[in-house]
Amino acid sequence: MESKEPNIIIYKASAGSGKTYNLALNYLKFISQEGKDSLKKFLAITFTNKAAFEMKQRIIVFLKEIIKQTERGKTLSCQLNLSPEKAKEILNHLFLNYDHLQVKTIDSFLLTLYKAISYEVGLEPDFRVSTYLREELIEKALTDFYQQTEKDQELKKILETFVEILITEKEFLKLNFKNSLISELKKLLEKLTYHKEVLTFLNSLNKDDDNELDREIKTYFGFYSILKDFLERTFFREKELVIGFWKEKIADILFKEEDGLLPWVYVKLGSLKGVIIDEFQDTDRLQWEALNPIIEDLISKQGFLICAGDPKQSIFQWRGADPKLFEEVSQNLTLRSYNVKEEVLDHNYRSSKTIIEFNNRFFNKLNEDHIIHEILTELVFSKSDRGSDRGEEKDKVLQNLISEFKTNFKHVLQNPSNTQQGEDKSRVEIRRFNIDESSENKAIEKAKEEVLNILNELKSQGELRDVAILMLKNEEVADFSSFLISQGFNVLATSSLHLKESLVVNALASLLKFIAYPEDEVALAGFLSSAIFPEGKEILEEYLNWILTKSYLRLVAFLKEHRKEFWETQILPLLDLKKDASLYKTCIEIVKNLEIEKKFSTEITALYKFLTVVFNLDRKGEGLEEFLLYWEKYSEDEMDIPEMEDCIKILTIHKAKGLEFETVILPLLWKEKTFVTDLRLVFYNGKVFYGKKTELPEEGRLGWYLEKAKNRLELLNLLYVALTRAKKNLFVLLPDPIEKTKFSPLVKIFKKVYDLLERENLESSNSLSSSKLST
């Protein structure tokens, strides 16, 4: 590249704006100019495996199109100054050295860093990698901690105080102390893996500082700091690496120039000439601190850095993502007089013109000063807060929130792409449905009816393909999935992408438990209540009626006496399978006998993954009982959504991030949720405050409101992500009236803004959408 060209490019990329296209193009541009042997010198960082796969796929497709000299291939050839012959050379090299294609998730790259310096930091070379914190590790660390308290009275006092405080705050711990304590610690320790402020605070507890927190609170949070040390010792002993816990260590190690580890990393990994960071708004501060030394070194040597992000699509702040980082890094690079080019990608290549125009008008109206002030007041402050005399406090919070909103949504307006020509047959429909304000539960049933109506309409019009229903919570996904399955639709829900949430996998696990322990009638009932046996629920209802009206009888005895044919033809053959077969063969026979693959085609992905888990244990010589012990504590990452266009996809908005669908149905059934800060800590103005809002001093309360404001602003981001997934049709289901309901303020905000747009339409006689009122 010529020296005059910018070596740092910042893409402000709204939904559907061709971000992946541009990043893949730049990656190829690097390779084409530096030569095929430079693959390992250019790194692209994404935040999901799916995004990494998509970018790799796009790079390969680009090369193939250049080789074939398709219409787009000719354009790419000119853009990249890459001949078909050279493209073929790069592609052949890539296939022979696919591992040289450096497109990784951020966790995968951090893992590569850990391995590179494992010897220097004392890690065993054969350590295992885990992306989640297992409860067994916490239990081992607690055991070590407890044994140490026998020798150290100060530690013993800390433990006793901690347990006393925790039981006071968490009444449920008294019911099952050990398991509840471990579960509670797991939640809180996981927060430490991405909240830099919490880590800084915990580290400060080990010093003689002037922190004004009372001694009890220092003891409470000091316990987590000590336990974390014991956990890290456990990791070393068990040769296990939990990625989140090591982000801070990587940053610390690489920042210590006297250790000279950064050059050593380059010796082992090879030096980098260019880095691409995708979805920058999903980065947390610890991840950035781990990456930053490498980025600083890169740009100081005139290497290339390309970042792409969109703060209004930041919906993972609950796990540490910090959308402010993107703007901070952009401004910092510009202020330091680097050769930076900022480019706003303002064309939408995904959605139809109708959908783009709707979103433009909606978010543009939301962005008007008088409206945003009113709406954000409603979003952050309760009615009692709004009526209080703390006007100055509210003004500070609103000023901060409005500024952040305007920064995030600065580039919200989009233009349709030039490819979207001809008649636009797409539609946006805001369907209101009447509800009884005294019962939100009835709203859910009404929404189900409305969803069913839409699906039947689409079916009659031949458009029942690639339809997605987006929900806020996993429970809603499961609820709507069950309803649509009962209505005869093929459904693929994200609940089936977690093994422990898959209906079929849970049924199989219950059956295996019953086979191992025939006296476990809860397991038998769990199996019968699944969809595997259509008559199962009917049998359970008969059994319940029997014990309520006649006499108590065990479920097995009831089946043998009153459902003899079912017991002998359906259950007994399954119990006999265990006698001569291995665990894996037993599961295969069950799947075959019950025709699970045929009857539950939409759960094939989860089923196969479950069988893989069983096979791996079976290969180690583990039996059924060992499997059941393992399954109780089994945890996992999510699986990707398979491409099945004939199924109705039901998923959370978080899972839909980065995806697109022909038709999107968005039921706005979002419930209000009480806001509490993480660990009851509030960080503000370099100080730490602890407690409920009402217990905080004025400065701490201001920090509390700012935390709540940040949390509520993420709801607007969720709405933006949901409204921008559709390519052709968008249906929003809006309960009405909702003024006196406990729906989220966000639902009320949507209604308020849409009502304003409808009023403008009536005044201008310009139809915004085919809004329908269902009664």
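Yeah, the Cβs are placed from backbone N, Cα and C, and that goes for glycine too.
No curator has checked TrEMBL annotations; they are predicted automatically.
Remember, predicted model here, so these are calculated numbers, not experimental data.
What TrEMBL says about this protein:
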{"type": "DOMAIN", "residues": "1-352", "note": "domain 'UvrD-like helicase ATP-binding'"}
{"type": "BINDING", "residues": "Ala13, Ser14, Ala15, Gly16, Ser17, Gly18, Lys19, Thr20", "note": "ATP binding site"}
{"type": "DOMAIN", "residues": "411-658", "note": "domain 'UvrD-like helicase C-terminal'"}
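Where TrEMBL records a feature, it is marked here on the structure.
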| residue | record | Cβ within 10 Å |
| --- | --- | --- |
| Ala13 | ATP binding site | 26 |
| Ser14 | ATP binding site | 23 |
| Ala15 | ATP binding site | 23 |
| Gly16 | ATP binding site | 21 |
| Ser17 | ATP binding site | 25 |
| Gly18 | ATP binding site | 17 |
| Lys19 | ATP binding site | 22 |
| Thr20 | ATP binding site | 18 |
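Within 8 Å of the centroid defined by the CB atoms of Ala13, Ser14, Ala15, Gly16, Ser17, Gly18, Lys19, Thr20, the record's ATP site, lie the Cβ atoms of Asp310, Leu345, Asn348, Tyr349, Arg350, excluding the listed residues themselves.
Across the domain 'UvrD-like helicase ATP-binding' (1-352), the model assigns an average pLDDT of 80. Gly16 (ATP binding site) carries neither a helix nor a strand DSSP state and counts as coil.
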